[in-house]
């Protein structure tokens with residue numbers, strides 16, 4: 001309400017000031033107004049009465065306002081002037097800074113223009129250098145000595161090195177297996193001894209058979225003569241059967257009976273001896289067959305090993321040719337590495353070649369010798385009886401046998417050791433060994449290969465107390481060293 005009153009007072013002061021001016025010319029104002037003058041005077045008087053108190057107050061407020069304005073106007077002007085001065089100073093400072101910046105920019109532009117001019121001159125040079133470097137890179141990548149060919153050569157080298165390593169490993173394995181070739185001389189010596197013993201036994205057996213055949217033929221002749229004599233004697237006795245027999249005839253009959261019994265015993269002994277000789281011949285034939293089979297197996301193994309060594313040498317020569325062709329394509333950088341690797345590989349291959357060539361020569365010579373000996377053995381075994389030389393001592397013994405037919409034990413003594421050995425060389429039996437596989441297992445149990453030899457004690461410890469006597473095995477020991485090989489045990493077992 002107070003504010004409203006103050007506003008009304010201010011409005012009233014303004015109205016009074018406006019109304020006082022027309023009082024100087026009331027006539028004119030009245031002409032303009034439509035209201036009567038009486039009403040105006042009344043209204044003015046009323047307004048003066050109403051706003052008398054308010055006018056006094058407004059006058060007091062107006063004085064205060066004027067005082068404030070006298071103080072504020074200079075302050076505001078000073079503040080505005082100071083602001084203008086500060087703004088001018090700032091503008092001047094900014095202008096100076098801008099000028100410095102413009103000078104610096106101008107210098108930079110000048111340097112840039114100079115650099116640009118020089119760069120325009122250097123750009124073609126740089127382009128030429130870039131083109132030359134690009135050409136060099138292309139040459140390095142796809143030139144004669146480029147990275148592509150180097151990579152291809154490196155891959156070929158890796159392949160050839162892998163082939164060489166595989167070939168070297170194969171040769172190492174062959175060298176390890178060549179230990180059998182080293183042991184060939186001993187095996188060949190054993191075969192020579194066994195072949196010699198077989199030849200001796202065959203000769204003795206053939207001689208004994210010839211002597212037996214001659215004695216049997218002569219014994220048949222004597223038997224026929226005796227039978228004819230007996231028939232004649234019986235024919236002579238039949239017509240004089242009714243007569244009284246004197247005492248000398250009785251004694252002759254007794255002599256004939258004893259003679260016939262002796263002849264029967266001699267015939268039985270001859271049959272037994274012939275059976276023993278036949279069994280001995282069968283045993284010798286088995287031994288010869290087994291030993292010939294062993295010889296054939298060893299010869300075939302030797303030929304296979306020689307062929308393998310030859311194929312390895314051929315493969316190594318091919319690999320060396322390929323390696324030489326590929327190594328010639330490499331550059332100077334890889335030349336040193338190649339030379340070192342080739343030197344190592346060639347040294348190894350040369351040593352292996354020399355060893356293989358020596359072993360081949362020795363094996364070929366040994367194989368040729370073995371083949372010659374096998375041919376001789378086959379010629380001896382297949383020789384007919386008609387080409388064999390006669391023996392005078394056998395004829396003398398046959399004559400003594402015909403003169404004394406009851407002396408057959410002397411003939412057995414004449415046959416001597418070959419017949420006894422033939423009787424003793426019958427196959428024996430070992431407990432748990434009935435085939436070649438069982439025999440191989442026996443060698444494996446004792447910790448030896450098939451090429452090794454076993455003693456009687458080793459066989460006894462592996463098989464037990466059911467072993468036969470050592471004398472029965474000694475007959476099959478062709479070397480006489482007290483050790484039994486795989487072939488000797490096969491012959492002894494008859495498998």
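Backbone N, Cα and C define each Cβ position, glycine as well.
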Phosphoserine per Swiss-Prot (candidates: 17, 362, 400): 17
Among ranges 1-50, 51-100, whichever one Swiss-Prot labels region 'Disordered': 1-50
The domain 'EF-hand 1' (434-463) - residue tally per DSSP class, helix then strand then coil: 18 helix, 3 strand, 9 coil
Mean of pLDDT values spanning the domain 'EF-hand 2' (464-495): 80
Densest Cβ neighbourhood among 477, 479, 481, 488 (binding-site residues), 10 Å radius: 488
Summary of DSSP states over the domain 'EF-hand 2' (464-495), given as helix, strand and coil counts: 13 helix, 3 strand, 16 coil
Check: same-chain CB within 8 A of Ca(2+) site center, minus 477, 479, 481, 483, 488: 453, 478, 480, 482, 484, 485
Surrounding CB atoms that lie within 10 Å of the CB of residue 483 (Ca(2+) binding site), all protein chains: 14
